[in-house]
């Protein structure tokens, strides 16, 4: 209520009670005012009542919620289901206009304000997570793969003669398909084995650039977050290489926001060389539903150019989800989640190491990977037979252990005309089969303990049966 309505309320209820209610209301409004003034993630998280008050105020600014509104167009924010309307807090118009996802929508001042504030808050979080030099970002209602494609398509106008994207190999389908979908030919550069780690072959990347001709290369497409034993690309060296040959550099930072090491690599890459844009998932980093990503970079004009390439309006749902989450957590709450994730990484490493030793296996030494771990499965390898290894994956899945990946040797996969040998291991000939587990943001101690317990039972059953199905105790 506004001051006039509070004053009128004093005729009905004791003025002292009304003043107390007014003061409480001003507490909520003070938090909203600070957000509007600073455009930053609040240090302390908001209560749900403050978040809901704010969203309701925004919704009342959209034309579909105007009292007496008369809509005669084809897109007037009409929603048949009241359940759907409530799910979206009656913010129905989406974000952007037909020619620009970042443009203000005249029918939806509230939704437009939501969009601008979300991008500002997210940029603040990217900076506090380690990429302090980030100049601009925007939330796009597509997952990481399609968001990478949007970056590649934007570069098309800058490099019309380019046909290739040079890509240090990572066995993840969506980032490969992102290049093919954009109309480019991926040039796959195999990784080099250093100890247990698979690392970027920078010299091979440079040889490919020289062989293809720099003008024929759209960009170098590197990766930070990845499954062990692959580790983040040598971002600094690749950024220096891109600056040397005047080639754009796009970084797939899918779940790297939660890792200070990944974010530091991006920041350093931009400092010593060239990083044009880096893309990260909303769901993996901020624990919201799948369907959104953040495209960020160090040149505001280029990031704006990418946003203008998005055709048509866009769903506001990913922006709404991440704004609600970050306002609720606050900067302090998000930093606590990041600190807890690091602790869980150490705990997972210890527990997995103890289990591996008990079964004659070992945790692969991958110190450059800050999120994912891998445990050898040499004891399950038969004479060229992956049966027991693959069966372990099935057993874990049926026992509700999700996210663990079991990698056998010798698997082949063809994507976009390119055949990957040793697919899922990021290498044509990794020496041992292994199992992956990750300490990602939100993982708990109970998750780790239960996973290791069930894995232990599965390994015992497989060895007891000589690779056959698990017994009733599993």
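Each residue, glycine too, has its Cβ placed from N, Cα and C.
TrEMBL annotations: computationally assigned, not manually curated.
According to TrEMBL, the protein carries these features:
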{"type": "BINDING", "residues": "75", "note": "pyridoxal 5'-phosphate binding site"}
{"type": "BINDING", "residues": "97, 98, 105, 313", "note": "substrate binding site"}
{"type": "BINDING", "residues": "271, 399, 464", "note": "tRNA binding site"}
{"type": "MOD_RES", "residues": "284", "note": "N6-(pyridoxal phosphate)lysine"}
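Structure with TrEMBL features highlighted.
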residue	record	Cβ within 10 Å
75	pyridoxal 5'-phosphate binding site	12
97	substrate binding site	18
98	substrate binding site	10
105	substrate binding site	20
271	tRNA binding site	12
284	N6-(pyridoxal phosphate)lysine	23
313	substrate binding site	21
399	tRNA binding site	15
464	tRNA binding site	13
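Cα of residue 105 (substrate binding site) to Cα of residue 399 (tRNA binding site): a span of 49 Å.
The closest partner of residue 464 (tRNA binding site) among the recorded positions, by CA position, is 284; the full candidate set was 98, 284, 313. Of 75, 97, 98, 284, 313, all annotated as recorded positions, the residue with the shortest Cα distance to residue 399 (tRNA binding site) is 284. Binding residues for tRNA (271, 399, 464) extend across at most 55 Å, taking the greatest CA-CA distance.
Counted over all residue pairs in 97, 98, 105, 313, the record's binders of substrate, the longest Cα to Cα distance measures 10 angstrom. Geometry remark: residue 271 (tRNA binding site) versus residue 75 (pyridoxal 5'-phosphate binding site), CA distance 45 Å.
A distance of 11 Å separates the Cα atom of residue 75 (pyridoxal 5'-phosphate binding site) from that of residue 313 (substrate binding site). Rounded to a whole number, the C-alpha distance linking residue 284 (N6-(pyridoxal phosphate)lysine) with residue 98 (substrate binding site) is 29 angstrom.
Apart from 97, 98, 105, 313, the substrate site neighbourhood in this chain, defined by C-beta within 8 angstroms of the site C-beta centre, holds 94, 95, 96, 99, 100, 101, 103, 312.
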